[in-house]
Amino acid sequence: MDLKESPSEGSLQPSSIQIFANTSTLHGIRHIFVYGPLTIRRVLWAVAFVGSLGLLLVESSERVSYYFSYQHVTKVDEVVAQSLVFPAVTLCNLNGFRFSRLTTNDLYHAGELLALLDVNLQIPDPHLADPSVLEALRQKANFKHYKPKQFSMLEFLHRVGHDLKDMMLYCKFKGQECGHQDFTTVFTKYGKCYMFNSGEDGKPLLTTVKGGTGNGLEIMLDIQQDEYLPIWGETEETTFEAGVKVQIHSQSEPPFIQELGFGVAPGFQTFVATQEQRLTYLPPPWGECRSSEMGLDFFPVYSITACRIDCETRYIVENCNCRMVHMPGDAPFCTPEQHKECAEPALGLLAEKDSNYCLCRTPCNLTRYNKELSMVKIPSKTSAKYLEKKFNKSEKYISENILVLDIFFEALNYETIEQKKAYEVAALLGDIGGQMGLFIGASILTILELFDYIYELIKEKLLDLLGKEEDEGSHDENVSTCDTMPNHSETISHTVNVPLQTTLGTLEEIAC
């Protein structure tokens with residue numbers, strides 16, 4: 001029996017695509033690539049498959065586009081804590097300089113900066129001053145035969161700024177006595193200020209285990225309005241208010257009290273209920289935050305306020321070759337002349353182009369404190385006489401100078417506000433996988449089947465191509481070498497013995 005296939009029988013053999021279609025797990029293609037002629041059924045299956053594939057591509061492209069839009073969602077949660085670290089509290093008297101501490105040398109160097117004297121070192125508007133204050137100022141501003149001495153802005157602010165030891169009438173933390181020694185001196189744009197629970201100098205951070213009044217910081221202050229500088233003009237440093245400015249902030253964040261602080265007025269007891277918020281932001285491309293671990297030139301931990309102060313410091317040093325007292329670094333302090341002529345105008349110019357020069361992004365991890373303020377009038381009619389006797393001050397003085405500040409946690413919990421990626425890679429793969437299963441019944445393994453088929457197809461084509469090239473090369477060598485050898489042997493005499501003929505055959509094999 002002849003096993004060789006006839007041409008008609010060979011044409012009925014399935015092609016490789018038909019074999020793949022009938023063995024693949026991809027739905028629908030086995031009905032398209034069937035044995036036999038083209039039918040309407042095959043066409044309908046092809047249309048259905050192509051349509052499903054098109055819908056899959058549309059839905060998948062929409063999901064991919066949504067993923068690369070880098071959307072985020074915000075999760076808010078309340079967490080109950082066993083204890084909470086009490087925040088840092090920075091407070092500044094709105095009057096930065098005590099009038100009684102000014103000397104003739106101070107007025108000679110800084111009188112114009114303080115707006116007490118004009119450019120000629122004269123009192124500009126004496127009719128606006130209180131007679132007693134005017135007389136004291138005239139005595140201090142008498143520069144006849146005066147020889148000026150050296151002047152230091154740092155020493156000046158230390159000496160002339162309000163002393164917390166004199167301002168503080170009492171202090172309690174969680175019902176326990178505290179004092180001025182529990183505060184750290186810091187410098188801000190308001191001059192000499194004080195920070196409670198700074199954690200500096202190796203002091204442990206104070207904690208609280210209860211919420212509500214009586215479980216935080218309570219202080220009574222005398223703002224000493226009698227020491228306020230007289231005002232007869234307006235400058236950048238002029239303040240018309242009386243009281244203290246307070247900022248509640250994290251210990252890792254420097255105070256920026258001139259913009260982030262709130263005011264506390266004399267004659268009132270102010271209650272500040274606060275709640276800690278822990279915020280987590282996403283870095284680019286999902287958000288715009290910057291890692292808190294990426295320090296700055298003058299601060300080890302990044303924060304918005306640290307970035308602002310760092311930027312202002314670099315700008316002033318670059319333009320004025322000095323720095324203000326509240327600015328970090330090792331550049332020399334600005335003189336009063338540099339303050340008025342360069343530093344203050346430079347800060348004003350910087351504020352105008354702040355968005356272009358000082359780009360301070362939100363840190364990825366941030367702790368802030370929400371505040372709810374309420375206040376009551378002090379003293380009451382029944383307590384006025386007692387306070388007059390206790391502090392040896394009149395009722396009018398108490399209402400104009402004394403204030404009480406009570407800061408406490410509203411409850412022993414904190415709020416977390418966290419940005420999360422709205423759409424991650426796992427969700428993208430899940431959606432695309434679901435669409436693949438819905439429209440074409442495919443999976444990852446089906447994709448691997450396609451790649452495997454393409455690989456085998458390419459390998460077969462390459463092997464066929466290489467086989468043809470080898471066959472052609474072998475045929476050429478047989479014609480050129482092996483055909484010439486017999487011709488060469490014909491020239492040999494017939495008397496050649498058999499061993500020689502055997503040797504010749506071996507050489508022919510090697511040559512071929």
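Count begins at 1; order follows the chain as displayed.
Cβ coordinates come from backbone N, Cα and C, glycine included.
In the disulfide annotation of Swiss-Prot, CYS311 is paired with CYS358 out of the candidates CYS334, CYS342, CYS358. In Swiss-Prot, the annotation N-linked glycosylation site falls on ASN392, out of ASN22, ASN392.
Between ASN365, ASN487, Swiss-Prot assigns N-linked glycosylation site to ASN365; no such entry appears for the others, which is not proof they lack it. Of the listed residues CYS289, CYS342, CYS342 is the one Swiss-Prot pairs with CYS320, by disulfide bond. Noted from Swiss-Prot: CYS360 is disulfide-bonded to CYS307, selected from CYS307, CYS322, CYS334.
Residue environment of ASN365 (N-linked glycosylation site) contains 17 other Cβ atoms, counted within 10 Å of its Cβ in all protein chains. Residues 28-29, 31-32, 428, 431-432, 435-436, 439-440 of the same chain lie 6 or more positions beyond the ends of the transmembrane segment (43-64) yet place their CB under 8 Å from a CB of it. Taking a C-beta cut-off of under 8 Å and a sequence gap of six or more, ASN392 (N-linked glycosylation site) has no contacts in its own chain. DSSP assigns ASN392 (N-linked glycosylation site) to coil, not to a helix or a strand.
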